[in-house]
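These come from TrEMBL:
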TRANSMEM  16-41  transmembrane segment
TRANSMEM  61-87  transmembrane segment
TRANSMEM  107-127  transmembrane segment
TRANSMEM  139-159  transmembrane segment
DOMAIN    143-241  domain 'CAAX prenyl protease 2/Lysostaphin resistance protein A-like'
TRANSMEM  180-197  transmembrane segment
TRANSMEM  203-223  transmembrane segment
TRANSMEM  230-247  transmembrane segment
TRANSMEM  267-286  transmembrane segment
Amino acid sequence: MYIEQGYKGYHEPWRYVVGFLAVFIGWQLIGALPLTAAVVIKSLGSGSFPTSIGGMADLLGANLFLFLMLISFLIAFVFLLLVVKFLHRQPLRALTTERSKIDWKRVFFAFGLWAVVSVFFMLLDVYLSPDDYVQNFELRPFLILLVIAVVLIPVQTSFEEYFMRGYLMQGIGLMTKKRWIALLGTSFLFGILHIFNPEVDKLGYGIMVFYIGTGLFLGILTLMDKGLELAIGFHAANNLLAALLVTAEWTAFQTPSVYKDVSDPELGWDVFIPVLVVYPIMLLVFRKRYGWTNWKDRLTGAVLPQSEIESATDE
């Protein structure tokens, strides 16, 4: 079982509390220093200090802003890896998967599947609502964006998966001995971490259904598949295509993408359809491909005690 992989390192509750705080500080404080410094320096010449994502992107330029924003996730990932290695003495593989090695085929399958689905729905929406989009493509800025996105967005999404569905899922599971608490707890926390996104300001708290629902979907992938590989691939495809294909003035990603959404933002079907329809279909596809069974035990069963895991290993 995936959560029980936490037994392969030091797993006292205090270590997870200290580790969480260390990663959070590395992410939100130290990781934010490069972007903050750039905004301050640039603001000295302009006379105004923007606080919104759109304002900072306008001040620095979309690509530089994206680069500096993603650097915070790189720094956070380094903090997480240090915490896992030195505070928990846990192998990275044990944080990643129950399998003997990381299954990259799973990562690329999930990436490819969601990329195809995302491109299909995006092109369908452009076709059905052409007035909502304008072409935003400029070759040179887009090529710079492409390099930044391909290199750093997988770092961002992998950090979020290792931190949420990996570190915290295992930590909460080992502390509570309940899989469902770990699943729901990390799903709600994933949603809360997006609460300051500009989308929430524009669309209202109803969009939290999408964020929490996405966290729940990724958590189910992790527990059912006994590893992070599918979640890592899915999340990377989702954010990479969001940055490259479509942007809007009110979204978290401010990029020189192919299209720009100029429609008035509203909470519509596109928020709920993924959670209520598309994600369940995706789960059925993964179940069929990987032969998932015993859903109830994997998602809501008790976390096995360490002694039982060790005795099973000895046998």
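Quick reminder: no glycine exception, Cβ is built from N, Cα and C everywhere.
Keep in mind it's a predicted model, so treat the numbers as computed, not measured.
Counting C-beta pairs under 8 angstroms (sequence separation of 6 or more), the transmembrane segment (267-286) fails to reach the transmembrane segment (61-87), with fewer than 3 such pairs. The listed stretches are 61-87, 180-197, 203-223; of these, 61-87 has the most Cβ pairs under 8 Å to the transmembrane segment (139-159). Distant neighbours of the transmembrane segment (107-127): 133, 221, 229-234, 236-238, 240-241, 245-246, 259, 270, 278, 282, 285-286, 289; these residues of the same chain sit at least 6 beyond its ends, with a Cβ under 8 Å from one of its Cβ atoms. Counting residue by residue with DSSP, the domain 'CAAX prenyl protease 2/Lysostaphin resistance protein A-like' (143-241) contains 88 helix, 2 strand, 9 coil.
The average pLDDT the prediction assigns to the domain 'CAAX prenyl protease 2/Lysostaphin resistance protein A-like' (143-241) is 96.
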